[in-house]
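Down below is the structure, laid out as structure tokens.
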């Protein structure tokens, strides 16, 4: 029965990560812990930046929005996955499936552009320090963030239209733990080649476009750093980029694997990659930026002292 336009059977069934009964409870415990750590870590990082004047810089401004996007797209995926593992009720309404995919596409695409904005910030700070105050002014920062969410919003509308715009036939069993484009499109009755091509082109434009900005920025950074005569200056410059490079590697590695390959090559390994960038990556980012960053460590130390003094 068609679902694209008439809602005669407005429900999907998410097959989940695994159908092995004994694995459900351990996976629920693991992913619940990861989700709690994700929320605590990202909210904690955002609060730390807000209450610490020394962190009121463009880099940490972008980082707070990056943490917000992490919280949002993790929350779009994890609670539904956790309830499915706990109760075994893996159905999701048509509207719920569309909403989940749309919000997921929005925040993931926003993260791509925020990572590019953060790379631009590092490029100006290291390669053009005398222009930094003007080039990365508060107004420029807000414009870059607004651009990230604008492009992400438009892209998400197109992704969602291409994914759910056709007709769907039974069985409506999505071989995934959330409503993602590839497993949903496999259920379509209509010709999906045009939709797959449009999604691939759009994903390529967003992912490759932002990755090119990042690569060019770090190419200039590398050239500038290698030209520095002082070894401590080189080490300090590399250190300021280490956290961002780690986040870029984790995020783009799985995204390229998932979305920049032909539909025919998608397999069960997609679930493993999806778990990594939808569940694990948002948890890792606060640790990457706090453990590798002296400024964040210093701010944490000051906050700890204030709390001890209050006690």
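Using N, Cα and C of the backbone, Cβ positions are placed for all residues, glycine too.
What TrEMBL annotates here:
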| type | residues | note |
| --- | --- | --- |
| TRANSMEM | 27-52 | transmembrane segment |
| DOMAIN | 41-289 | domain 'G-protein coupled receptors family 1 profile' |
| TRANSMEM | 59-81 | transmembrane segment |
| TRANSMEM | 101-120 | transmembrane segment |
| TRANSMEM | 140-159 | transmembrane segment |
| TRANSMEM | 197-216 | transmembrane segment |
| TRANSMEM | 237-260 | transmembrane segment |
| TRANSMEM | 272-289 | transmembrane segment |
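Touching of the transmembrane segment (59-81) and the transmembrane segment (140-159) is concluded from the presence of at least three CB pairs under 8 A, sequence neighbours closer than 6 excluded.
Same-chain neighbours of the transmembrane segment (140-159): 58, 61-62, 65, 101-103, 105-107, 109-110, 112-114, 117, 120, 181, 198-199, 202, 206, counting only residues six or more beyond its ends whose CB sits under 8 Å from a CB of the stretch.
The average per-residue pLDDT of the prediction over the domain 'G-protein coupled receptors family 1 profile' (41-289) is 86, rounded to a whole number. Away from its own ends, the transmembrane segment (237-260) comes close to residues 66, 108, 111-112, 115, 118-119, 122, 125-126, 181, 199-200, 203-204, 207-208, 211, 214, 218, 221, 224-225, 228, 270, 273-274, 276-277, 281, 284-285, 288-289, 292-294 of its chain (Cβ-Cβ under 8 Å, at least six residues beyond either end).
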